[in-house]
Amino acid sequence: MSTSKAITLTLFITTTLLASCDAAANATTKPLFPAILIFGDSTVDTGNNNYPLPTIFRAEHFPYGMDLPDGKANGRFSNGKLISDIIATKLNIKEFIPPFLQPNLSDQDILTGVCFASAGAGYDDLTSLSTQAIRVSEQPNMFKSYIARLKGIVGDKKAMEIINNAFVVVSAGPNDFILNYYDIPSRRLEYPFISGYQDFILKRLENFVRELYSLGVRNVLVGGLPPMGCLPIHMTAKFRNIFRFCLEHHNKDSVLYNEKLQKLLPQIEASLPGSKFLYADVYNPMMEMIQNPSKYGFKETKRGCCGTGFLETSFMCNVFSPVCQNRSEFMFFDSIHPSEATYNVIGNRLDPLIRGKFQA
């Protein structure tokens with residue numbers, strides 16, 4: 001073979017290999033969904049409560065957000081990313097999900113999805129009466145405004161295509177039980193047994209996701225309850241002993257609720273053509289972290305990183321609060337909300353389940 005032919009063949013093979021690598025890379029990085037849409041409470045609120053709302057449940061002040069790239073608080077109740085941001089990143093949609101009430105949203109923000117969640121919200125409207133958050137039942141109204149803007153950008157047909165194929169995260173529930181049943185028993189007269197209140201909440205959840213379906217949503221991840229008896233603030237409020245053991249009867253309530261939710265979601269899916277619903281288990285990963293903290297790099301699971309870690313959250317966790325040096329060693333950032341390290345563990349668990357369900 002002549003030298004010129006050898007060079008030509010080498011260049012051809014090299015070009016082909018590079019093209020194959022580029023194609024493989026594009027296949028790997030291509031988003032599984034065109035957009036991500038978030039509904040719920042403070043576990044997924046990326047900053048809606050920063051904007052004109054008469055609520056004290058805000059996180060636009062230090063030390064919240066201290067481990068974000070710019071080190072600035074932006075409304076996320078953690079030291080860094082929330083679980084919704086982590087999911088969006090793993091799905092190659094975007095790094096951070098902006099709140100819908102943010103006034104300077106770009107068209108690209110709208111095209112790839114936003115957050116409608118509000119810290120302090122719950123499925124029970126009574127929850128937001130005390131927190132002044134945007135009720136979960138009100139969040140579809142924000143979604144309708146989003147759809148209108150999306151249609152203005154890409155037209156009606158393309159907008160509904162994006163909505164139909166978007167990935168939707170719904171995360172709420174703990175506020176309902178803590179505020180209306182455990183700490184302030186306002187619902188106990190109506191529901192003397194916790195199972196009755198659970199059924200009420202699950203019916204509210206079902207009505208909510210059915211409304212989202214009527215607006216075009218098809219792919220939904222629904223979060224279960226965490227081990228509520230292990231939340232630092234809850235252990236403080238129900239103080240039993242100096243060792244701060246989890247409140248097992250409240251954890252059992254979480255388990256029962258989650259079992260009911262896991263049975264409900266397939267029933268909803270079967271009744272809504274073209275829909276896919278996936279249960280997000282946060283209870284078991286969190287219990288594993290509590291029971292075997294060193295496996296996940298944690299040294300503290302019974303209190304938050306901010307202040308004493310027993311009570312501080314929202315306005316009580318502020319610029320004057322001492323903050324732990326190694327946030328990755330704390331399971332909770334404040335007395336309620338997980339640290340970014342915890343959300344990363346949960347995100348790693350959920351990612352293959354999401355791909356398995358929605359790529360099928």
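From the backbone N, Cα and C atoms, a Cβ is placed for every residue, glycine too.
Annotation comment: Swiss-Prot describes 1-27 as signal peptide, evidence class sequence analysis.
Feature annotation from Swiss-Prot assigns N-linked glycosylation site to ASN26 (among others).
SER42 (active site, nucleophile) carries neither a helix nor a strand DSSP state and counts as coil. Annotated active site, nucleophile per Swiss-Prot: SER42, in sequence order.
Reduced to three states, the DSSP call for ASN104 (N-linked glycosylation site) is coil. The annotation N-linked glycosylation site is assigned in Swiss-Prot to ASN104 (among others) on the grounds of sequence analysis.
Summarising the annotation, Swiss-Prot assigns N-linked glycosylation site to ASN326 (among others). Taking the Cβ of ASN326 (N-linked glycosylation site) as reference, residues of its chain lying under 8 Å away and at least six apart in sequence are, in sequence order, LYS299. ASN326 (N-linked glycosylation site) carries neither a helix nor a strand DSSP state and counts as coil.
Sequence annotations record features per position, and here Swiss-Prot assigns active site to ASP334 (among others). Taking a C-beta cut-off of under 8 Å and a sequence gap of six or more, ASP334 (active site) has these contacts in its own chain: PHE77, GLY304, CYS305, CYS306, GLY307, GLY309, GLU312, THR313, SER314, CYS317.
Close to HIS337 (active site) in the fold, though at least 6 residues off in sequence, lie SER42, THR43, PHE77, SER78, GLY304, THR313, each with a CB less than 8 Å from its CB. Marked as active site by Swiss-Prot: HIS337 (among others).
Cβ neighbour count within 10 Å across all protein chains ranks SER42 highest among the recorded positions SER42, ASN104.
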